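S.K.: If you scroll down you'll find the structure; I have some questions about it.
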Amino acid sequence: MKHMAPADRKAAFHHVMRAAILIGIAFYIVYLQTTGKLTLYIAPRMTIYVKIASLALYVTAVFGIYEAFRLLSKPSAADCGCSHAMPSSTLRSALAYLLFIIPLGIAFLTPDTTIGSAMAANKGMTLSASQSLQQPADDGQAAELPGTEESDTAISEDIDASTTDSELAAEPSDTTAATPSPESGSAPAADSIDALFPSDEYTISYANLGKKLYQQETIVVEEKRYMEILTALDLFLDRFVGKTVTIEGFVYRDDTLTNNAFILGRFAVSCCAADAMPYGVMVQTDHPEQYGNDTWLRMTGTLATTTYNGNEIMLLQASKTEKIEPADDPYVYPNYDF
């Protein structure tokens, strides 16, 4: 009968426990992938790395099981003192393993849900998608974006003087910069369109996208270019006032909005759900009370401007509203090839 030292039994136990935890994590990744829920936590472009990581976890777990089997099946040998000692404290080992087992158990037992209006309230809804493109001027002051100088910007004239900065203006602006109408019988000349969309090295891609959108009868904010289209519309907002826009998203509202307004938004994810940021468009519609928070809608309307928290933003005056099922992938992602 083979004699087994207590140290070998303890080492084998630790190898088995570690292998079980690694297999549990790897299995959870496989579960998320097979159920289509992996992208609720990470961006699609990151899934390949997570899949490779799950494979590495499996391989490491198999090696741990092999080590445990080797210790249990071979007699003990003289200890040279050069190996890595296993933890000697049972309490410390139990606490260390529980740090992995408890979160893993919660992950398996709780449903996978998308983030929505509650998270948007915590992070704050962004209504100016082009804000990140503003470049600091040499004197330390924020530089104006191309095409948005004071003399060339739509200015709200109908805002009640008593309205505070935290309230949405009751009526959108009705005075806009004079621009050639894209709805005339013939398409605008290329030179005139170029003049409408001045750009610099930071905004040239959005200017080119804006030129294409400007010539469309109805601008559809499609999912694969959601952030890019919103940025182009916001960057050259005065050019698109009066245009018809269709957009999808979830309903978000808070106490700063008027009764006939809410925000239609989506979460933009770069790498994982932890960096998700909500972006949206202010919507003005009849009977908005029938649409609760997190209701998914497809809305079509006319683009206008209004003032919110002292800033001029886009306002969609909705003419058509349709309830839809939540998107298969509720998040939108940066499109670097737009």
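Backbone N, Cα and C define each Cβ position, glycine as well.
What TrEMBL says about a protein is an automatic prediction, not a curated fact.
What you are looking at is a predicted structure, and each value in this text was computed from that prediction instead of being measured.
If you look up TrEMBL, you'll see 147-160 marked as compositional bias 'Acidic residues'. The feature compositional bias 'Polar residues' is assigned by TrEMBL to 173-184. What TrEMBL records for 17-125, 198-334 is domain 'DUF1980'. The region 'Disordered' annotation in TrEMBL covers 130-192. What TrEMBL records for 12-34, 46-69, 90-109 is transmembrane segment.
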S.K.: Please list, for the domain 'DUF1980' (198-334), how many residues fall into helix, strand and coil according to DSSP.
M.R.: 34 helix, 57 strand, 46 coil
S.K.: Run through the domain 'DUF1980' (17-125) and tell me, per DSSP, how many residues are helix, strand and coil.
M.R.: 78 helix, 1 strand, 30 coil
S.K.: Mean pLDDT, the domain 'DUF1980' (198-334)?
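M.R.: Summarising the domain 'DUF1980' (198-334) by its mean pLDDT gives 93.
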